[in-house]
């Protein structure tokens with residue numbers, strides 16, 4: 001999903017806008033030179049000294065202004081997203097609206113999240129204060145060029161931290177547009193800085209004494225590398241990594257509605273979402289009909305120009321992404337998986353993979369264990385909820401999941417048994433500003449969004465006050 005700070009067998013791609021629908025390289029951008037990095041970090045540190053001292057209400061007002069500007073620039077920003085990573089234009093506009101809602105949420109609610117929390121004590125007073133930490137590095141992916149950045153940057157800017165952004169090399173113009181938007185809203189120079197970093201220079205940033213933490217949304221491999229660097233340099237980190245989310249169907253009053261939800265949960269953003277419904281688990285008595293209808297639904301998604309409002313299936317983010325996904329699909333086919341729909345690259349220019357439904361996937365196949373980052377669904381037959389839970393929890397990932405049942409008590413019972421950070425009932429796993437987002441196991445740690453995301457990079461400082469004549473108690477610790 002995002003570039004890994006670890007050495008790769010593939011050559012490092014430059015920051016460039018490459019239209020995944022046409023293959024055209026629209027614009028390239030030079031890497032930041034290593035020698036330039038320390039000055040930019042020091043500028044961010046100096047900005048923190050001033051930005052962090054401003055009243056939180058002032059910082060929050062700037063976030064609300066950023067939300068207004070984002071909505072005003074919807075067409076421009078959405079067009080950039082579609083150009084750079086191939087998202088359907090209507091979905092790109094939805095991403096802009098979601099990102100703006102996050103900016104506005106922290107602009108409105110942020111100050112209350114930072115209010116001191118008093119602790120009842122026998123004598124005197126005790127409170128926990130929420131203070132900023134300083135300069136933070138965000139490493140963000142291409143699949144949601146605005147939303148992913150904003151869910152990290154907005155709460156931390158309101159807290160009083162300053163932000164350095166290393167965005168994906170696939171969406172440099174989106175990165176620059178967001179930087180300009182923050183500055184136009186009133187975020188001072190240095191408080192939010194886009195960096196076109198080489199992978200090899202990420203450690204230099206994390207290691208710098210002024211940098212207090214790092215947040216990464218990306219692949220498992222990238223997360224492991226960043227966690228290693230953060231640990232080596234004793235920096236706080238938050239990781240939102242891959243997912244292979246279960247979508248469990250226990251019963252259905254309206255099977256068509258459930259199938260539609262499964263298709264939406266799998267094919268939104270051409271399937272390039274960490275929380276997409278990648279592993280579908282359906283009970284015996286519904287399985288055959290569910291698979292048949294899902295295959296028909298997937299087959300109706302025809303590739304086309306993502307900027308055309310009538311298009312239902314956009315390209316993947318790059319030709320390399322399409323080749324990688326097709327290799328996973330072909331591995332499953334070669335080893336005996338059944339293709340219900342799709343299974344091939346369409347005869348259409350662009351980075352497309354046919355919407356694919358696979359069954360009879362077994363543990364010797366890559367598709368059983370690996371995240372499929374594109375429009376491919378794997379459907380499993382299960383006897384009952386116990387088998388569904390066991391299969392769901394057999395994954396090394398633990399990001400999100402969905403449970404569908406007309407019996408809400410039953411669905412709730414299953415949800416509580418899933419080893420994931422999020423579970424949605426009778427709805428595909430999704431995201432909203434006021435709901436915490438994050439996973440467990442190899443899907444990462446820490447939370448973004450809601451009040452929980454706002455407090456990740458704060459100094460939760462205890463202040464304990466005694467009357468002046470209080471006799472000191474025995475000290476321990």
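Every residue, even glycine, has its Cβ placed from backbone N, Cα and C.
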Swiss-Prot has 142, 143, 166, 167, 168, 169, 218, 219, 241 down as binding NADP(+); which of 371, 385, 387 does it also list for that site? 371
Could you state the whole-number distance in Å separating the C-alpha atoms of residue 240 (active site, proton acceptor) and residue 274 (active site, nucleophile)? 9
Greatest inter-residue Cα distance in Å for the NADP(+)-binding set 142, 143, 166, 167, 168, 169, 218, 219, 241, 371: 24
For residue 274 (active site, nucleophile), list the number of other Cβ atoms lying within 10 Å of its Cβ atom. 30
